[in-house]
Amino acid sequence: MQILDGKETSKTIRQELAEAVQERKEKGQKTPHLAAVLVGNDGGSLTYVGAKVKACKEIGFESTLIHLEDTITEEELLAKVNELNNDKEIDGFIVQLPLPKHIDEKKITLAIDPKKDVDGFHPTNLGNMVLNLPGFLPATPAGMLELFKRYEIETSGKHCVVIGRSHIVGSPMSILMGRSAYPGNSTVTLTHSRTKNLKELTLQADIIITAIGKPNFLTADMVKNGVVVMDVGITRVEDTTKKKGYKITGDVDFESVAEKASFITPVPGGVGPMTIVSLMMNTLKAMEINQR
Ligand code: NAP
């Protein structure tokens, strides 16, 4: 069994990105610039956005955090999005979700210029993904594709079972794994809470991707020997032995499943760290697409 070490892989990619930025600087070319819009003071969102901005700075990108009051109106936020769309200094930007209830997330997502949509949530980018055309892939699925590549895992002709069908992880991952590409060319089964015979399906799977947010859901009796497992789940589970009083747990019962798996991501340290570097890779790409 081999651990798919997202922490180490993301470090390597950060180093590569830092070198690419340094090279650009030496040639007098523009430095990639990511802006992150945060509305309100939700603790989780503050942490995520803070980590994204910090990671950008560490590798030499420019990054700007735009922190807005949760009393901002939808019109005002749309105006901010429009301003960023037209700001030549900004290569890509994200609007951290969820937004306060009085703001329509769909409207905001649609207002972002697809060429600057480094989260890959705009329908144009989702359409490009389906058609296998260039565009921005959502960060978490893109991070998993990168892990398949870096560990040279064969995906062609494999049966891939995806558990969870969210718009940001499960659904795009099912499309990507079925595309005529590498990684891809798998036979994909997309499952969700209404799936009746989940264990029957997972027992046939060569690759399992879990994105449901249910700690230790996938157990050893549900998988066959040699399976490749990617665990997206992140759930806080009470743990009095930890200073914080909790630990981060994935959807996979790691100890038991690891004994049967050929490759497996740990939680934390697997898919999570790859998500942020994907965003940075998208930002570099945005700058190249916008030819700056
Ligand atoms: P989500 O919006 O929370 O939706 C959960 C999905 O799981 C739904 O499609 C749901 O089915 C399905 N589901 C729930 N119970 C199930 C069951 N018993 N059997 C099969 N399917 C079941 O999904 P998400 O936003 O992708 O988040 C999933 C997890 O990934 C969360 O723990 C989240 O924190 C984590 N996450 C991690 C990263 C990262 O960077 N590592 C990024 C994003 C999310 P229905 O559609 O039928 O309701």
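Glycine is treated like the rest: Cβ placed from N, Cα and C.
Marked as domain 'Tetrahydrofolate dehydrogenase/cyclohydrolase catalytic' by TrEMBL: 4-119. If you look up TrEMBL, you'll see 138-289 marked as domain 'Tetrahydrofolate dehydrogenase/cyclohydrolase NAD(P)-binding'. Marked as NADP(+) binding site by TrEMBL: GLY164, ARG165, SER166, ILE234.
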Problem set entry | the domain 'Tetrahydrofolate dehydrogenase/cyclohydrolase catalytic' (4-119) - residue tally per DSSP class, helix then strand then coil | 60 helix, 19 strand, 37 coil
Seminar exercise, completed: In the domain 'Tetrahydrofolate dehydrogenase/cyclohydrolase catalytic' (4-119), averaged pLDDT is 95
Exercise. Long-range same-chain neighbours of GLY164 (NADP(+) binding site), Cβ under 8 Å, sequence gap at least 6?
Worked result: GLY170, THR191, HIS192, THR210, ALA211, ILE212, GLY213, VAL232
Exercise. Over all shown protein chains, what is the count of other CB atoms within 10 A of the CB belonging to ILE234 (NADP(+) binding site)?
Worked result: 16
Problem set entry | Residues that sit under 8 angstroms from SER166 (NADP(+) binding site) by C-beta distance, when 6+ apart in the chain | ALA211
